[in-house]
């Protein structure tokens, strides 16, 4: 699976971020992406093959597996990573738009196209809010779909064509639970980083505005 | 599955697209390719091995699987990505080929033009100057050769630079093909969306009832992970619609932008035609080209940009005059050095005019500049007037 492009995109984002933004990128890369590729993918690789039900009825396993795992944990994890990295692209697009405008008018319109001021600051704040929103949505989804972050060892299933209530066994439940808690912890860390960056930027620019107005009043 | 080749190709396309085209490309890469790779490989790898039918009849499962999925979702999406990216790849090939040819042509043109200069001047020289030819020729040719070498190097640099953006595409004459590839892309998207609907609908049902031979009767076959597959199917529908909307946006963006640019070009042409009227009014008594500018500084709002533009137009007009009235020996510079000196003089006069205007409007702040103005005046004093209002440019 080639994640190289995502790496390239994120390193482009690195240029236009604040300090906390860079910490966020590092956390996403090392603690989430790398862990996903190196460890988590392999745990969930044969989840369907190793899901066994105490019955010979053909089709019962398929149906029970589908009922208990409508979307697999690992797919939700991957979707979360993609959705959370995408709002940073908004900032990259905005900077590209600014450079385009400068080229188009052949004049220096901005102090520097990559500097966080005016419209770019708004875009950056919006991307932060979107990132936080996506993280929270996915965490809530995880919680709702799987009744918390626990992975049971045994599930009971009685959907057609299973003739009666059947015991089905999930493979590697403890390992999956550990990694799910790890995912929860890194998501919370990223939410905290995003919120602190948001409040820092808002605080910094409101102080700037206030000082400007104060100086103007004095003059 | 190795996607690196396709992603590298798409990066090249990135350098030859408009702004919206770049967004489309990013969406294509991030959402489509990644999602297909993430979902495709992990969800569908066991789609046949876990396709179970409620029968022991050998061969029944194979036949029923084939009836259920004549073309698997993943293969369909891969096919879709490749076909949708193909018009851009073909446009890329065409653009690179055309730009390379343009660079060659401009190089040969420049060489031909620079070689013909000394030929033209020799025709216009009188016989008296023929004796001086031998001394001046070695001066001219090395200059021209150096210039053409420099221009070669300059040309190679832009050939490797990006040819992106709506303006650049139009300048290079690639607009028609760009619009064609955009239309092809949109058509393919629509076809695939419709095809996906007719082939798969909006849902993957968990049970498939099959009664093909050799299955003895109607058999229930169970599909692995149907809910997950349904969710991915719906996500891919959404991504296709998003790409289609981006294509439509790009067409609108090109359309409005082109209309705006043609309007701006028409306005610029009308302005330009004014300066080129001078050669036709040569015989009627009228002020020389720069007089009006020097005399009415109070009425016009000057910015550095408009000054530079006017100086450029005057220089163009001057050169146009000199080239058109070639038989008039007073107007043609004897050689290249004279031409360059004339341009330098014109620029010095322009500076004087700017200073004169500034002196008029800011008498207090121009004390520091007066000494500079004085030194300028002394160098160009042979040809300038009193330096205040009536500077001949």
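Along the chain as shown, residues are numbered 1 onward.
Each residue, glycine too, has its Cβ placed from N, Cα and C.
Residues or ranges marked as coiled coil by TrEMBL: B:329-356.
TrEMBL lists B:373-393 with the feature compositional bias 'Low complexity'.
According to TrEMBL, the feature domain 'Connexin cysteine-rich' maps to B:188-254. If you take every residue in the domain 'Connexin cysteine-rich' (B:188-254) and average the pLDDT, you get 92.
Summarising the annotation, TrEMBL assigns region 'Disordered' to B:357-393.
If you look up TrEMBL, you'll see B:21-40 (among others) marked as transmembrane segment.
Distant neighbours of the transmembrane segment (B:76-96): 6, 9-10, 12-13, 16-17, 25, 28, 32-33, 36, 40, 163, 172, 174, 177-178, 180-182, 184-185, 188-189, 192, 195-196, 199-200, 236, 240, 243; these residues of the same chain sit at least 6 beyond its ends, with a Cβ under 8 Å from one of its Cβ atoms. Annotation comment: TrEMBL describes B:76-96 (among others) as transmembrane segment.
Among residues of the same chain six or more beyond the transmembrane segment (B:231-249), those with a C-beta under 8 A of the stretch's C-beta atoms are 20, 23-24, 27-28, 31-32, 35-36, 39, 43, 73, 77, 80, 84, 182, 185-186, 189-190, 192-193, 196, 200, 202-204. Per TrEMBL, transmembrane segment is recorded for B:231-249 (among others).
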DSSP helix, strand and coil counts for the domain 'Connexin cysteine-rich' (B:188-254)?
42 helix, 8 strand, 17 coil
